[in-house]
Amino acid sequence: MPVATLLPFTATPNRKSASPTSFRLTEKFILLLVFSAFITLCFGAIFFLPDSSKLLSGVFFHSSAVETNTHTGPDSSDAGSAGNDDRLLAKIKKDHEKALLEAKDTLQKLPDVIQNDILADKAKVTKESMGKGAKDGNNLPFIEYHRPPGATGLEPQDPETRERRAKIKEMMKHAWDSYKQYAWGSNELRPVSKHGHSSNLFGSIKGATIVDALDTLYIMEMFEEFDAATDWVEKSLDFNVNAEVSVFEVNIRFVGGLLSAYYLSGKEVFRRKAVELGEKLLPAFKTPTGIPWALLNLKSGIGRNWPWASGGSSILAEYGTLHLEFMHLSRLSGNPEFAQKVMNIRKVLNRLEKPQGLYPNYLNPNSGQWGQHHVSVGGLGDSFYEYLLKAWLMSDKTDEEGKKMYYDALQAIETNLMRKSTNGLTYIAEWKGGLLEHKMGHLTCFAGGMIALGADGAPGDKTGHQMEQAAEIARTCHESYARTTLKLGPEAFRFDGGVEAIATRQNEKYFILRPEVIETYMYMWRFTHDPKYREWGWEAVQALEQHCRVDGGYSGIRDVYASSPNYDDVQQSFYLAETLKYLYLLFSEDDHLPFEHWVFNTEAHPLPVIRKDKTDRPNEVE
């Protein structure tokens, strides 16, 4: 609209006026009377109606900024009232002129500039509301969503690979459909007895399998199942429980699963739920050192550590496996506290002396001192090292502190823990007070993939050396499978007493659908394209189908050396989150969740690399 049209008494150019000589004297007199009456009415409204100044400001400007002296007591005077009215009229005129200038400036801007101004104002208002104490999921800052590349991938060109990948998708469908039919809403499924199963790791929180499987459903393009899972999350996932949970397990499965689902799909419900749960975990850090408790009551905020953990210590793999998720929580919530908590953990660790450069598994959160000197790259230690490397990668390789901590730790592991058996199998032993226990856990088998992932950034000329180490660990872990009756790996295997890569104790012979060996195969395939890794993965698929598949899903096995399976009757949520996902990616093209754009948390939930460009946004859609 032209500015001139906004002024009621402004002459309009190029418009002809009527000639005054065309009116008779009588008509002029009548017009004069009407005009006089109109003027009298207007002035009467301004000066004689009660509270007229406030009325005018309210009608024309809807503003509370104009304040007048309206009290009518003995202290009021006619002169004062007239002065107030004059000031009011001047204020109205000034505001009117200001509004016209703003309108003129706006109309002269390009549409893209106007749109950016609107978005900036919206983000500013949201940020201000967050600063005033609004911390629930409905007051998150505005973020323009951009899906990173590779959320779904192309079909493999090779017919055999395509067929094998389709088989793994069918396995996922069987596991999911069985859970939905027999245990919907429970944390996990008992596939033999066909009912729900809930571990005390999650307290009263329900739906671990649903949240853990979200991203697997999405990347396998099982969108109908993904939508059903999304609907359950929106309507039924509840964190307002009076129960004690494992901070570590809830973080990697629930927070990680929700974050990944958000980045893959862009659905806001996942961001809201992830931030809501993250805020409920923050009281775990209320210790003298800031090293979090292992267990936390989500309602009371009271935390404690496992009673068996070296005099009430926190565990390295638990407090050291929060970094990836908490950095993303800060980014998606606008709350820097998440990032500050995990960065403080590093400060505590960097102040401590490391025995032989190694990180013991136990740290007292009250004193800030190590507990007993037990070091493991398997259980109790594993994912701490993984997150040092991945924190550097996820930061777009800007987190130099995480990088240094990882490569220094890896050097200490190679020097003190990595050994070769008599027949040439490389393994990673455990260190207890300076003495080696020549045992390697199934959990430790993730290290082959980790070392391969970090080899390219290795200092000096160690890239080739680290790729050789990764390949040797992959071979050892494959041997632990090949040397069992059922061709599935035991929970731990030993290199002493004349045996190699074999479990010798009954309580180490079970298999609970773990993913770590498959995970290493996937990384080794991506970096080498050596076909043996796909063949080894397919051997595992055949063993899973033959020995773990039952009518109601997939079950773990109590003894992999027995001639026939004895089921443990649990379909772990990580079987859908990790084992089947890594198998699917092993038989996918490299453009599916490419490593330059995605980093997997320790539960195989993909999180995007945080780009440090001008916009600080996730990568654009392909």
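Indices start at 1 and increase along the chain as displayed.
In case you wondered, yes, glycine gets a Cβ from its N, Cα and C as well.
Model, not experiment: these values are computed from the prediction.
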If you consult TrEMBL, the disulfide counterpart of C477 among C445, C548 turns out to be C445
T602 (Ca(2+) binding site) sits from E516 (active site) (Cα to Cα, rounded, in Å) at a distance of 10
In all the protein chains shown, the tally of other Cβ atoms within 10 Å of the Cβ of T602 (Ca(2+) binding site) is 24
So D382 (active site), by the Cβ count within 10 Å over all chains shown, scores 25
Within 10 Å, the Cβ with the most other Cβ atoms among the active-site residues E249, E491, E516 is that of E516
Same chain, |i - j| six or more, Cβ under 8 Å of C477 (disulfide bond); the result in sequence order is H442, C445, G448, G489, E516, V517, T520
